Amino acid sequence: MKIDRYVSPTELILKNQIIMNDIRQKNHELFEKTDKTNKFMIITYGCQMNEHDSEKLIGMLKLMGYERTEVKEDADLIIFNTCCVRENAELRVYGNLGHLKSLKEKNPNLKIAVCGCMMQQAQVVEEIKKKYRHVDLIFGTHNTHNFPSLLSKAFGTKNTVVEVWDNEGEIIEGLPLERKFGLKAYVNIMYGCNNFCTYCIVPYTRGRERSRKTEDIINEIEGLVNDGIKDVTLLGQNVNSYGKTLENKISFSDLLREVNKIEGIERIKFMTSHPKDISKELIDTMAECEHVCEHLHLPIQAGSNRLLKAMNRNYTVEKYMEMINYAKERIKGLSISTDFIIGFPGETDEDIEDTIKLIKEVRYDSAFTYIYSKRQGTPAYTYENQIDEKLKHVRFEKVLDELNKIIIEKNANRKGEILEVLVEEKSKSEDKLLTGRSRMNNGVHFEGSDELIGKFVLVKITNPKKFSLVGELVEVLDK
Ligand code: SAM
Ligand code: SF4
Ligand code: F3S
């Protein structure tokens, strides 16, 4: 799985553009003859990085004349963009791939592609080649830009086409994109991770840390704002180390200040900030930039210094609390979220007590709590002091209870508050209501007409629910 030869980004883009035109032409001819448009279905697992990669694949497929469908029986091409951060994410992919075998038997023209983080693991690729022979195409996270060429190869053979690069290569700019939402957009500012937390597979699936050039990021956001996007989330595994791989060194705070100057942008968010690299300068920047939202996602993982050391997180609870307290002091109305891992090897009841103490001190507004999952290839996979599954679940429930108590209490205290909400869509959970997000990332539901979708409104919270807020429309804002 080595890169055969150096191919320059320009050469690659040109080659793929020619192939995209070719497939588009074929799809057009098919439509002329049969009135039928080829359809694709894409299923995305995992984090925003994968969501964003799927947006790139969708952009390319649309340029190739494909139409999107959510019905697998209607699809001519099905793509699984996979995640392997925890075992259950992988098991779901294997399960769903298995189910497609009978569909492929009924429709031999159906092409099945699997991509994303799981494919960066050699043992997974071998397993799919051996046990899921109905898969036509396998490609890795560093091969997204070459998708048209790989798809075209898959059309010409009955064998499984495989392309998984071990190395990240250069950042490829200028791929077409189809954004999931018309109002909000994810913008990658960097790729990969150098941190090697002992439990985490991401550095092995996404390669080493590399930053996009500032001018490429700014150009992309300016283009998005021109297209009506009002809310951008800057993405990276550790945004605080943005700029370190660039010739012209620039900090993440400087980048935020540049993005904040873009005319027409309303909301700027970012994730993820690593506690070992977060600086007071960044917090000051958040406080000073009017468009940067009052929300900080700062994953702690565990409230015990002993566990943080074993996880190779390179910060202490004391350093974390210093930053949290500074941020609360500097940013009015700040909401704070985090990630926890429960059941890391060697975890004791005392460690859980430390985590609960931290939860009570920070008073999180939301949190993602995960049960530790052994990942082959990571250091913690080989640790002998693994925790019993049942005990992991008991501890998980205990931590979740503490978190929920605080989150519910904080939501209840919002009764009577007036929040600025960007209206996103009709609510899926609350019948007949619209739904949107506040600057602090609260999900807010309220009654209003569909014309409000895409607008900023003020909503008075009248009925706080456990994990969301329901209110009444006060005013439609002119922005
Ligand atoms: N780069 C981010 C950071 O350092 O905070 C996190 C990215 S990771 C995709 C998202 C979350 O998944 C992590 O914060 C961690 O809580 C969780 N995670 C990663 N590996 C895990 C594992 N082996 N088992 C359980 N949870 C895991
Ligand atoms: Fe994984 Fe740690 Fe990198 Fe986050 S910082 S992606 S948890 S290795
Ligand atoms: Fe994201 Fe999962 Fe990959 S969390 S980076 S899609 S392993």
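Glycine residues also receive a Cβ, built from the backbone N, Cα and C atoms like all the rest.
Source: prediction; values computed, not measured.
These come from TrEMBL:
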- 38-156: domain 'MTTase N-terminal' (DOMAIN)
- Cys47, Cys83, Cys117: [4Fe-4S] cluster 1 binding site (BINDING)
- 179-409: domain 'Radical SAM core' (DOMAIN)
- Cys193, Cys197, Cys200: [4Fe-4S] cluster 2 binding site (BINDING)
- 412-475: domain 'TRAM' (DOMAIN)
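Feature map: TrEMBL annotations on the structure.
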residue	record	Cβ within 10 Å
Cys47	[4Fe-4S] cluster 1 binding site	16
Cys83	[4Fe-4S] cluster 1 binding site	23
Cys117	[4Fe-4S] cluster 1 binding site	27
Cys193	[4Fe-4S] cluster 2 binding site	22
Cys197	[4Fe-4S] cluster 2 binding site	21
Cys200	[4Fe-4S] cluster 2 binding site	21
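Only Cys47, Cys83, Cys117, of the binding-site residues Cys47, Cys83, Cys117, Cys193, Cys197, Cys200, place a Cβ under 6 Å from an atom of ligand 3.
Proximity of the binding-site residues (Cys47, Cys83, Cys117, Cys193, Cys197, Cys200) to ligand 2: a Cβ under 6 Å from the molecule is found for Cys193, Cys197, Cys200. Separation of the C-alpha atoms of Cys117 ([4Fe-4S] cluster 1 binding site) and Cys200 ([4Fe-4S] cluster 2 binding site): 12 Å, rounded to the nearest whole number.
Ligand 1 lies under 6 Å from the Cβ of Cys200, out of the binding-site residues Cys83, Cys117, Cys200. DSSP gives Cys117 ([4Fe-4S] cluster 1 binding site) a helix state.
Across the domain 'MTTase N-terminal' (38-156), DSSP classifies residues as 68 helix, 23 strand, 28 coil.
Spatial neighbours are here defined as Cα atoms within 10 angstroms of one another, and by that definition Cys47 ([4Fe-4S] cluster 1 binding site) has no neighbours among the binding-site residues Cys193, Cys197, Cys200.
Take the Cα of Cys83 ([4Fe-4S] cluster 1 binding site) and measure to each of the binding-site residues Cys193, Cys197, Cys200: the nearest one is Cys200.
Taking the mean position of the Cβ atoms of Cys47, Cys83, Cys117 as the [4Fe-4S] cluster 1 site, the remaining residues of that chain whose Cβ falls within 8 Å of it are Tyr45, Gly46, Met49, Asn50, Thr82, Cys84, Val85, Ala89, Gly116, Val202, Thr205. Other than the site residues Cys193, Cys197, Cys200, same-chain residues with C-beta atoms no more than 8 angstroms from the centre of those residues' C-beta atoms, the [4Fe-4S] cluster 2 site, are Asn195, Phe196, Tyr199, Ile201, Val202, Pro203, Gln237. Per DSSP, the secondary structure of the domain 'TRAM' (412-475) breaks down as 4 helix, 34 strand, 26 coil.
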